[in-house]
Amino acid sequence: MKILYLLFAFLFLAFLSEPGNAYKQCHKKGGHCFPKEKICLPPSSDFGKMDCRWRWKCCKKGSGK
């Protein structure tokens, strides 16, 4: 029975992370999601959280250092 619970949880998580739907707002601005600890250079390229996952932020591509 435990195996069924684990299998269901795995399948549920697999369908949640479809790459086609990930971070559309950030990508439309030419950005990419980085961990919040990363510094966006220049600071004007930091778009904030937008639609990135929890504790991540959107920076213009190539600016995450």
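Cβ coordinates come from backbone N, Cα and C, glycine included.
Copied over from Swiss-Prot:
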{"type": "SIGNAL", "residues": "1-22", "note": "signal peptide"}
{"type": "SITE", "residues": "Y23", "note": "site 'Involved in the interaction surface toward Kv'"}
{"type": "SITE", "residues": "K24", "note": "site 'Involved in the interaction surface toward Kv'"}
{"type": "MOTIF", "residues": "24-40", "note": "motif 'Nuclear localization signal'"}
{"type": "DISULFID", "residues": "C26-C58", "note": "disulfide bond"}
{"type": "DISULFID", "residues": "C33-C52", "note": "disulfide bond"}
{"type": "DISULFID", "residues": "C40-C59", "note": "disulfide bond"}
{"type": "MOTIF", "residues": "49-61", "note": "motif 'Nuclear localization signal'"}
{"type": "SITE", "residues": "R55", "note": "site 'Involved in the interaction surface toward Kv'"}
{"type": "SITE", "residues": "W56", "note": "site 'Involved in the interaction surface toward Kv'"}
Pop the mean pLDDT for the motif 'Nuclear localization signal' (49-61) in here, whole number is fine.
90
Spatial neighbours of W56 (site 'Involved in the interaction surface toward Kv') among the recorded positions Y23, K24, C40, defined as Cα within 10 A: which are they?
none
If you compare CA-to-CA distances from C58 (disulfide bond) to each of the recorded positions K24, C33, C52, which comes out shortest?
C33
Taking helix as H, G and I and strand as E and B in DSSP, count the residues of the motif 'Nuclear localization signal' (49-61) in helix, strand and coil.
0 helix, 5 strand, 8 coil
Quick one: of C26, C33, C58, which of the disulfide-bonded residues has the smallest count of other CB atoms within 10 A?
C33
Near R55 (site 'Involved in the interaction surface toward Kv'), which residues of its chain come within a Cβ-Cβ distance under 8 Å, counting only those 6 or more away in sequence?
P35, K36
So what sits near C59 (disulfide bond) in its own chain, CB-to-CB under 8 Å and at least six residues off in sequence?
G31, H32, F34, K38, C40, S45, D46, F47
Tell me the coarse DSSP state (helix, strand, coil) of Y23 (site 'Involved in the interaction surface toward Kv').
coil
